[in-house]
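According to Swiss-Prot, the protein carries these features:
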- Ser133, Asp274, Asp276, Asp278: Mg(2+) binding site (BINDING)
- Ser133: active site, phosphoserine intermediate (ACT_SITE)
- Ser133: phosphoserine (MOD_RES)
Amino acid sequence: MVISLSPNGSGRLNHQTTNLSNSLLTTLPYLPNSPLFGTDGIRGKAGELLTAPFALQLGFWAGQVLKSKTTTPGPVMIGQDSRNSSDMLAMAMAAGLTSAGLEVWQLGLCPTPCVAYLTRHSEAIAGIMISASHNPPEDNGIKFFNTDGTKLSSSLGQEIEDGLRGNLLLSVDEIAAWGKILYEPTLVNTYCQFLQDSLPPSLSCQGMKIVLDLAWGASVNVAPAMFKALGAEVICLHETANGDRINVNCGSTHLHVLQAAIQEHQADMGFAFDGDADRVMAVDSTGKVVDGDYILYLWGKSLLERGNLPNNLLIGTVMANLGFERAWQGLGGQLVRTSVGDRYVQSQMWETGAMLGGEQSGHIICHHYGVSGDGVQTALHLAALVHESGVSLAELVKNSFDTYPQILRNVRLEDREKLRYWQECQPLQQAIAQAEVGMGETGRVLVRASGTEPLIRVMVESECPDAANYWVNYLVGIVETHLAV
């Protein structure tokens, strides 16, 4: 017998289904017309799109697609951040996967790169992280990793979505099997050992005072332990897992708290992670923000000087500061830009053979050590650079480059259709062209839709701060007038 979901994607099964199938495939919530998978998996508000029934069926259909790609199915790793909804979604995903006949290894609270690493270095056929990264507590997300630890391809994501929307057929026999769930939180120790092994054997943080903003999130157990093991004096902020407060006025997108703590404790440096610890932002002893552009420059320069950076190539995004790009070119390096999103950086790194890439927002990928952005690893290696240089992080940054004034503004769009087709707004396209002509080669304009939130992001960069302010205000006004109403 064959069963199928109804053509309208409601999730209701046809009348030929058995009691077994109905117990496994319950009614889906409303699915938006727009694609479910964004630049970083599926994101949304918990309790709206991201419900237990949705995660159950997502797990089931993901399991079916994953099983179809291998003759010897292994387990699926599931990790999660500290959000209140993460337990629910992780358990529902596990139920769906096991109802598809797969074994699930539950890792519990851990950073996203931990899931990627353990998936790559085990018999797992996939990894799943329950997290909405830097988003507020009421949001959540589900991101998938291939068996090699890289982000799930768009084609596989589409196959899974086709199942959810009723475009795949299954026999009853295919849904009559079930797997088991194993709880494996101690595997996180294997990831910590990998972090340790990636560092120079001679590295010591003795004498360093380091502040860590853990954002009430996934790094609370890993980051402090790693820095303390290296001998650093560690001051922790937001240091427990707290699902009500994750990312709230803290972490990598709210650096004022870290800056104040560094001044208060007269620390050498500090690091702020986001909720799932796949990104990091640093702050030096003077309170200056050391973002992904600075980290790429400093780490890239170190690799270049050692002959470990093929073609002197770095991969950045369209957000990378012009000051960074021109300083890097001054060292004989080249910078290739991609769209915003670490999956695009990763793809370009594979295509070009680049060993280091990342985003201004703090997603840094180094292929010498792994295949995913890793906030804790990046922080450890930046501390290693400081140790090896014999000078402070503040001194390294001071001698690197001066940034061009860059202003980023966000405009929220609740209308999904307007957000999806924003590029068809002719007044906005005309305004962008006007700004580009107005600044010429002295600046840049970037308007884009966020891949993770219902936002239009407007960025203007210019040698002249007044010009940057003028054009960003002008463009935001156009977006608010023609799209946000």
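Glycine residues also receive a Cβ, built from the backbone N, Cα and C atoms like all the rest.
Same-chain residues with CB within 8 A of the center of the Ser133, Asp274, Asp276, Asp278 CB atoms, the Mg(2+) site residues themselves not counted, are Asp81, Pro111, Thr112, Ser131, His134, Gly217, Ala218, Phe273, Gly275, Ala277, Arg279, Gly375. The candidate set comprises the binding-site residues Asp274, Asp276, Asp278. Of these, Asp276 has the most other Cβ atoms within 10 Å. Shown in sequence order, Asp40, Thr112, Gly141, Asp274, Gly275, Asp276, Asp278, Arg279, Thr452 are the residues of the chain, 6+ apart in sequence, with a C-beta less than 8 angstroms from the C-beta of Ser133 (Mg(2+) binding site).
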